[in-house]
Amino acid sequence: MVEGFTAALRSLVEAESPSSDLLAVETCGDRLAEVGEAITGAAPERVPLAGGPSALLWRRGEADAPGRVLLLGHRDTVWPLGTVAQRPPATEGGRIHGPGVFDMKAGLLVGLHVLARLDPRVPVTLLVTGDEEIGSASSRELIEAQARECQAVLVLEGAAEGGALKRARKGWSIYTLRCRGRSAHAGLEPHKGANALVRMAELVAETQRLNAPDRGLTVTPTLAQAGRTVNTVPDHAELHLDVRAASSTDQWSVDERIRAMADTSTEVAVEVEGGRNRPPMEEDAAAALLERAALHARELGERPPGSAAVGGISDANLCAAMGIPTLDGLGAVGGGPHAEHEWVDLDATLHRIPLVSALVDGLAEHPLPGP
Ligand SMILES: [Zn+2]
């Protein structure tokens, strides 16, 4: 098992799949289909998607069986082609390193082994997309359609520290604030100008008053641009904001306040663009599943995994926002997502297979109470 898992993981890592390279992501899909067929005995359905790479779908059980569970993952990574040549997958003291091992190729293998372990009559869907790292624009509809048929979604992204499951994820909003003033010579007649940069600086200060880190709300100016030459009053300035919110209420109220900064009646006009990209995954979406996971871990003679609320987003946010019970972080145990030291703890990751299988099995037998 260990050797087979390691070899399959190497093979998936070697099929590099940066989100921006459609062909590479498709080729990785071919590899995953082969690996998956070898493990589960069944070829996936390949679902073409407009504007993005195809998705892979393994569906088990009767088509309309009640109590279906969705296992969700993605095969694209943040690493450009050529990274594997520089940092080939390597095993060292029970850890496997390599680009994309933790986020999230090892998690895909967990999902495939779960299918192999379960009775083929258990209604479960494994969906693997290829555009998660760039916002899931082309796969979103399919994810939502598959999730709608399910009583619960188990997301196979890497665990939080120490193998903790992810019970909450912040929501994400992005904004662009554009200031348009009037240029003038900074030496000869500065009074004739309307300084867009000064207005932008005021806006930066205003946005900082919206921060409430104790409630998990952060408003971060990330990029800015202004002016034309060193001796001209700038007639334009642009500011980008990254907003993370633990609660939907905060996400909407900040949205309203940032939009209210738009004003075209003043000397320097301000326009606001952008909005909510991902709603937060709030704690209650995961609570019942977290309890089940703890229960099954004890049945397996293991310490129940802890849980964490995290800032990053995933496709779990989409499913949770639909009101479907969703638990994330069930894939690889390890660390360093999007970092060069990315690693997977092989033993702890293999322990996810019986745990996730038990979760799916338990849900099929005793579905969660409906809403
Ligand atoms: Zn991921």
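Just so you know, the numbers here start at 1 and follow the chain as drawn.
In case you wondered, yes, glycine gets a Cβ from its N, Cα and C as well.
Now, the feature entries from TrEMBL:
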ACT_SITE  ASP76  active site
ACT_SITE  GLU132  active site, proton acceptor
DOMAIN    168-264  domain 'Peptidase M20 dimerisation'
Between the residue listed as 'active site' and the residue listed as 'active site, proton acceptor': CA-CA distance (Å): 7
Residue counts (helix, strand, coil, in that order) that DSSP gives for the domain 'Peptidase M20 dimerisation' (168-264): 31 helix, 40 strand, 26 coil
Segment-level pLDDT (mean, integer) for the domain 'Peptidase M20 dimerisation' (168-264): 96
